[in-house]
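**Student:** Have a look at this one before I ask anything.
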Amino acid sequence: ACVPVYKECWYPQKPCCEDRVCQCSFGMTNCKCKARL
């Protein structure tokens, strides 16, 4: 299952839907799927 935008994500277990970027704030924690520009 993929993760919708603005929700918590991590690889490889919970990748973002639609090839969105999973961006982490602090190292490898607090990662969220980014919205497209």
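Positions of Cβ are set from backbone N, Cα and C atoms, glycine also.
It should be emphasised that the depicted structure is a prediction, and the values quoted were computed from it without experimental measurement.
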**Student:** Which of these links to Cys33 by a disulfide bond in Swiss-Prot: Cys16, Cys17?
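**Tutor:** Swiss-Prot lists the disulfide between Cys33 and Cys16.
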**Student:** Can you look up which of Cys17, Cys22 is joined to Cys9 by a disulfide in Swiss-Prot?
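**Tutor:** Answer per the record: Cys22.
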**Student:** Regarding the disulphide bond with Cys31, report which of Cys17, Cys24 Swiss-Prot records as its partner.
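**Tutor:** Cross-referencing Swiss-Prot, the cysteine bonded to Cys31 turns out to be Cys24.
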**Student:** Which number gives the other C-beta atoms within 10 angstroms of the C-beta of Cys2 (disulfide bond), all protein chains shown included?
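**Tutor:** Excluding its own Cβ, the number within 10 Å is 13.
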**Student:** Can you figure out which of Cys9, Cys16, Cys22, Cys33 (the disulfide-bonded residues) comes closest in space to Cys2 (disulfide bond), comparing Cα atoms?
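**Tutor:** Out of the listed candidates, the nearest Cα belongs to Cys16.
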**Student:** Using the alpha carbons only, what distance in Å do you get between Cys33 (disulfide bond) and Cys24 (disulfide bond) once rounded?
**Tutor:** 9
**Student:** Could you work out which of the disulfide-bonded residues (Cys16, Cys17, Cys22, Cys33) has its C-beta surrounded by the smallest number of other C-beta atoms within 10 A?
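**Tutor:** Candidates: the disulfide-bonded residues Cys16, Cys17, Cys22, Cys33. Fewest Cβ atoms within 10 Å: Cys17.
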